[in-house]
Amino acid sequence: MTELSIRPEEIRDALREYVDSFQATSGDREEVGRVVVTGDGIARVEGLPHTMTNELLEFSGGVLGLALNLEVGEIGCVILGDAEHIEEGQEVRRTGEILAVPVGDGFLGRVVDPLGRPIDGLGDIAAAGTRALELQAPSVVQRQPVKEPLQTGIKAIDAMTAIGRGQRQLIIGDRQTGKTTVAIDAIINQRDNWASGDPKKQVKCVYVAIGQKKTTIREVVNTLEEAGALAYTTIVAAPADQPAGFKYIAPYTGSAIGQYWMYNGQHSLVVFDDLSKQAEAYRAISLLLRRPPGREAYPGDVFYLHSRLLERCAKLSDELGGGSLTGLPIIETKANDISAYIPTNVISITDGQIFLESDLFNQGVRPAINVGTSVSRVGGSAQVKAMKSVAGRLRLDLAQYRELEAFSAFGSDLDKASRDQLARGARLVELLKQPQNKPFSVERQVVSIWAGTTGKLDDVPVEDIRRFEAEFLDFVGRTHGAIYDTIVNTGKLGDDLVSSLESAIAEFKEQFTLSSGKQLVNEAAPEALDPSAVEREEIAVHHRKPSDETAGH
């Protein structure tokens, strides 16, 4: 019988040959969970232990969800889409992707949803890339001071609460006080900069509509289109009928689109209309996810909700290209209460606020800006020198006017100086009124405010102020066009320019006709009569002689 012999070297060689020739087949690995509870735009999912915060999850049917709560054995998820067909027990898959949106110049002139998908029926958008919604804001060393003006075209704002590129300026007020109109005017006023073709002047705009009616959003689109401003504007729409998750992420989508241009050395402006509705949507989501409620039932991190959004607005350093992202958040108050929770939060985050009052609006003062409570913490740094020189007295004159107006309501007798102050204040208030969607260029603003603050309008009746202003500005453009050119080119208001303005307004007053039909400047004043030629009544004093009886006493 043959004896079986085992040779170890043969076994070793066979194993080595097998290992060398082995080719591993790549198998797809996928994490799958299932829906435990669903309802009210929220789903609780189990079985996905490696899910990341803000990761996108995919439900059956392609609906996406955003992972917000990462708990032991369970995930709280916000459904971004139609939740009707999501049921308990359905499979949920990880995508491995953090929430991001496409960005690029292709978004200009388009209307998109908070996920960056076009909803205007104009076809797909060619994106230049994607940008995560949750990115760190620029650090302190990556920024530089705000010093370039961003003109809104609104006299009251550009003169008293100036906005600079990279600033965050809050627009706050009750409903129906003109908050959206102020923001839309600021977008429309960038039209000339866009037409110049100069990237250093151009400002690309993003308008984020949160929780608004679709008809209102349609009106905004039409207004921008008619004004020629839609070509450089992107609209991110999260209407009132959308799930709370869309209203929550819409502002971050708008800022991500604007940040793309900022980091490419360009200038952008983003309007958040309005953050009150985003806070309410976040409160609803947090309560449904059973997060602990705080003041007014808002979650404890509602301040961080807005601070991490608005801190992205910045003026980048020259090393990073010098781009900027300017933010105009809008907050709606109730009964002019700016001391409520969300308003005070956003006021403390931003670089100033423009407070619109319903009382002023109802009085016909539009834009209804309350000069006393409105402020810009950037101030004169974001103004051209010409505007800074003429607007210095404007805020003081208006503040004194409001104080005297309240005092005179009691019927007290006022001295001549006070009456003059009231008269000039009334004319300044009339001068700052402005029609909707009719922004003023900076040179026309400078000339208009110069005329008001230097007393050149004191002899013009209040009811004729706006007509006088419009006709005078057109007159300067026709006959003294060099004045506008000098302001645009130098940004200063020198002595020679002031002399030209004084002669121009004197010349214009001679031909201006009041609404009463009279000339503003009379042809020739009658000569005063000599005092000797004036007939005067002489009073003779007669002294009565005392009688004898009186003398005896």
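Cβ atoms here come from the backbone N, Cα and C positions, even for glycine.
Swiss-Prot annotations:
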BINDING   Gly173, Asp174, Arg175, Gln176, Thr177, Gly178, Lys179, Thr180  ATP binding site
SITE      Ser374  site 'Required for activity'
REGION    527-553  region 'Disordered'
COMPBIAS  533-553  compositional bias 'Basic and acidic residues'
Seminar exercise, completed: Same-chain residues at least 6 positions away from Thr177 (ATP binding site) with a Cβ under 8 Å from its Cβ, in sequence order, are Leu356, Glu357, Ser358, Phe361, Ala368
For this session: Can you check which residues sit near Lys179 (ATP binding site), meaning Cβ under 8 Å from its Cβ, same chain, 6 or more apart in sequence, and list them in order?
Result: Ile171, Ile172, Gly173, Asp273, Asp274, Ile330, Glu332, Leu356
For this session: For Gly173 (ATP binding site), list the number of other Cβ atoms lying within 10 Å of its Cβ atom.
Result: 28
For this session: Take the C-alpha atoms of Asp174 (ATP binding site) and Ser374 (site 'Required for activity') and report the distance between them in angstrom, rounded.
Result: 14
For this session: Express the distance between the Cα positions of Ser374 (site 'Required for activity') and Gly178 (ATP binding site) as a whole number of Å.
Result: 15
Exercise. Neighbourhood of the ATP site (Gly173, Asp174, Arg175, Gln176, Thr177, Gly178, Lys179, Thr180): other residues with Cβ within 8 Å of the Cβ centroid, in order?
Worked result: Glu332, Leu356, Ser358, Phe361
Problem set entry | Cβ-Cβ neighbours of Thr180 (ATP binding site) (radius 10 Å) | 21
Problem set entry | Three-state secondary structure, which DSSP defines for Thr180 (ATP binding site) | helix
For this session: Let me know how many other Cβ atoms fall within 10 Å of the Cβ of Arg175 (ATP binding site).
Result: 11
Problem set entry | Sparsest-packed among the binding-site residues, when each Cβ's other Cβ atoms within 10 Å are tallied, from Asp174, Gln176, Gly178 | Gln176
Problem set entry | Count of other CB atoms lying within 10 Å of the CB belonging to Ser374 (site 'Required for activity') | 22
For this session: Could you find out if DSSP has Arg175 (ATP binding site) as helix, strand or coil?
Result: coil
